[in-house]
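Student: Reproduced below are the annotations present in TrEMBL:
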{"type": "BINDING", "residues": "ARG25, GLU89, LYS128, LYS459", "note": "(6S)-5-formyl-5,6,7,8-tetrahydrofolate binding site"}
{"type": "DOMAIN", "residues": "224-380", "note": "domain 'TrmE-type G'"}
{"type": "BINDING", "residues": "ASN234, SER253, ILE255, THR258", "note": "K(+) binding site"}
{"type": "BINDING", "residues": "234-239, 253-259, 278-281", "note": "GTP binding site"}
{"type": "BINDING", "residues": "SER238, THR259", "note": "Mg(2+) binding site"}
Amino acid sequence: MSILNDHQTICALATASGGAIGIIRVSGSDAITIVDKIFVSTSGKSLENVAARSVLYGHVTNENGTTIDETLITIFRAPHSYTGENSVEISCHGSDFILNEVLRLLIRQGCRQAFPGEFTQRAFLNGKMDLSQAEAVADLIASTNKATHQLAMGQLRGYFSNELNELREKLLKITSLIELELDFSDQDVTFAERSELLQLALSISDKITLLTQSFEVGNAIKSGISVAIIGKTNVGKSTLLNKLLKENRAIVSEIHGTTRDVIEDTIQISGINFRFIDTAGIRQTHDEIENLGIERTYQKLSTATIVLWVIDMQPTPDEISEIEEKVKGKKLIIVINKIDRNQFTLPIDTWAISPTVILISAKYNTNIPQLESAIYQAANLPEIRENDVIITNIRHYNALTHAQEGINRVIEGIHLNLSGDLLSEDLRECLHHLSEITGGAITSNEVLGTIFSHFCIGK
Ligand SMILES: Nc1nc2c(c(=O)[nH]1)N(C=O)[C@@H](CNc1ccc(C(=O)N[C@@H](CCC(=O)O)C(=O)O)cc1)CN2
Ligand SMILES: Nc1nc2c(ncn2[C@@H]2O[C@H](COP(=O)(O)OP(=O)(O)OP(=O)(O)O)[C@@H](O)[C@H]2O)c(=O)[nH]1
Ligand SMILES: [K+]
Ligand SMILES: [Mg+2]
């Protein structure tokens, strides 16, 4: 969808199907006039005369005077609404039939069905929120745990926007000093002491670096941290997956090579999503399908952040170096399984790296909480406080990276004693990329289209 900014009054169902109550949202300059035509209040008042933000009880009736539902409606008057436009919310009984009838009636009376995200898009276009806040609305709806909720809530409340605005003010200060100097270039005056400019530019660069670096954590929290369960056949990988998920997702059997396809599912540990990936056991085999499964094991191993390498026997030194070779760059946890049957130690001196070692019995559910906290520790997440700004959005990350390049050229330029007009160009570039995040810069319809089309209808 490309964005349509036609100012027509739009309507959509704002709630999910199947609830006790269904809310239809109507927004646009004719919202109140249109709903007035289909709504009969018990008081008999015309909606045009009703005070803003009041709730009325009454009936929605169609053109023939047939009652469709007994409803409550809420009236908002521009600019005091979510979208900044006149808006009405119609609370109906949650029947799909009723809700569709009311929507069709609204459309016959002059509304258009809203596109996904169009209410929030209008809130953005009407200055109710900036673009990063609008994106936070979608993240908030999608949030599934404390961490993703907190990050989205902070962004919605404008913590990120505030930091960006501070950065932009600093940049504008440098830019205006330099540009003022250019205006007086024939008089050889210096308004902007170069060492002072350099300090400012360095502090901007540092701040942008912190924001960009936070993306690693932000992205991990938002997408979930992937944990691959790897090991030889029959060591108990699928049994472990089932115990972690508290659900019998994977087939367990005493037959070697039971798991062929990769099985993935997510659980929360201390409010963070971890995505567990059970894989085909590694062994030499002539079974073509099993070999395809083992290939996938290696693919999953390469993309995982954390690896649980499951063993149930004392590994030989060769096996240890093989494991170390394969998990290079990953957080490794050695899981010694089946301690109900046999226990052994892993001599420290045979390891080049010193992995975390957890002893469990997957079958008898022994030490699973200990393993979970080891996994949480391995994720190495910083403690996130209420007001911390953490980037979770790749669009923001890209814009910050470009802004960083701009400010670095400025720093380099100051060192090289470049002229003011060259510095100014790079400063403007940096400013432009920061404004892209909040949508202050001219944002193309294509960009808006991609952002809002990922919203649900009615948002
Ligand atoms: N029924 C209902 N519940 C909802 C929403 C909604 O639109 N309708 N929201 C939608 O996402 C969220 C709440 N967000 C909202 C944000 C602003 C305004 C609003 O009317 N703002 C006016 C008045 C503010 C005020 O009274 O101080 C304004 O900004 O001028 C409404 C809801 C979640 N719950
Ligand atoms: N005694 C004991 N047996 C276990 C334990 N964990 C798993 N097993 C058994 O080990 C056998 C293999 O378990 P699976 O979970 O299928 O092993 P896997 O690693 O997924 O095997 P593949 O998918 O074939 O690679 C089954 O018979 C399990 O019941 C344990 O902690 N103790
Ligand atoms: K098995
Ligand atoms: Mg298995």
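Glycine is treated like the rest: Cβ placed from N, Cα and C.
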Student: Going by a 10 angstroms cut-off between Cβ atoms, which of the binding-site residues ASN234, SER238, SER253, THR258, THR259 has the sparsest surroundings?
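Tutor: Minimum Cβ neighbour count within 10 Å, taken over the binding-site residues ASN234, SER238, SER253, THR258, THR259, occurs at SER253.
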Student: Take the Cβ of GLU89 ((6S)-5-formyl-5,6,7,8-tetrahydrofolate binding site) and count every other Cβ within 10 Å, whichever protein chain it belongs to.
Tutor: 21
Student: Select the most exposed residue of LYS128, LYS237, where exposure means the fewest other Cβ atoms within 10 Å, treating these as the binding-site residues.
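Tutor: Comparing Cβ neighbour counts within 10 Å for the binding-site residues LYS128, LYS237 gives LYS128.
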Student: Given GLU89, ASN234, SER253, HIS256, ALA280, LYS459 as the binding-site residues, which ones have a Cβ positioned under 6 Å from some atom of ligand 4?
Tutor: none
Student: For THR259 (GTP binding site), find which of the binding-site residues ARG25, GLU89, LYS128, SER238, SER253, LYS459 come within 10 Å, Cα to Cα.
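Tutor: Candidates kept after distance check: SER238, SER253.
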Student: Quick check on the binding-site residues ILE255, ALA280: which one has the highest count of other Cβ atoms within 10 Å of its Cβ?
Tutor: ALA280
Student: What count of other C-beta atoms do you get within 10 angstroms of the C-beta of ARG25 ((6S)-5-formyl-5,6,7,8-tetrahydrofolate binding site), across all chains shown?
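Tutor: There are 24 of them.
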Student: Check each residue in the chain of LYS459 ((6S)-5-formyl-5,6,7,8-tetrahydrofolate binding site) that is at least six apart in sequence and keep those whose C-beta is under 8 Å from its C-beta; list them in sequence order.
Tutor: ALA14, PRO116, GLY117, PHE119, THR120, VAL137, ALA138, ILE141
Student: Just checking: which of the binding-site residues ARG25, GLU89, LYS128, SER238, THR258, LYS459 have a C-beta under 6 Å from ligand 2?
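Tutor: Those binding-site residues that pass the cut-off, since their Cβ is under 6 Å from ligand 2, are SER238, THR258.
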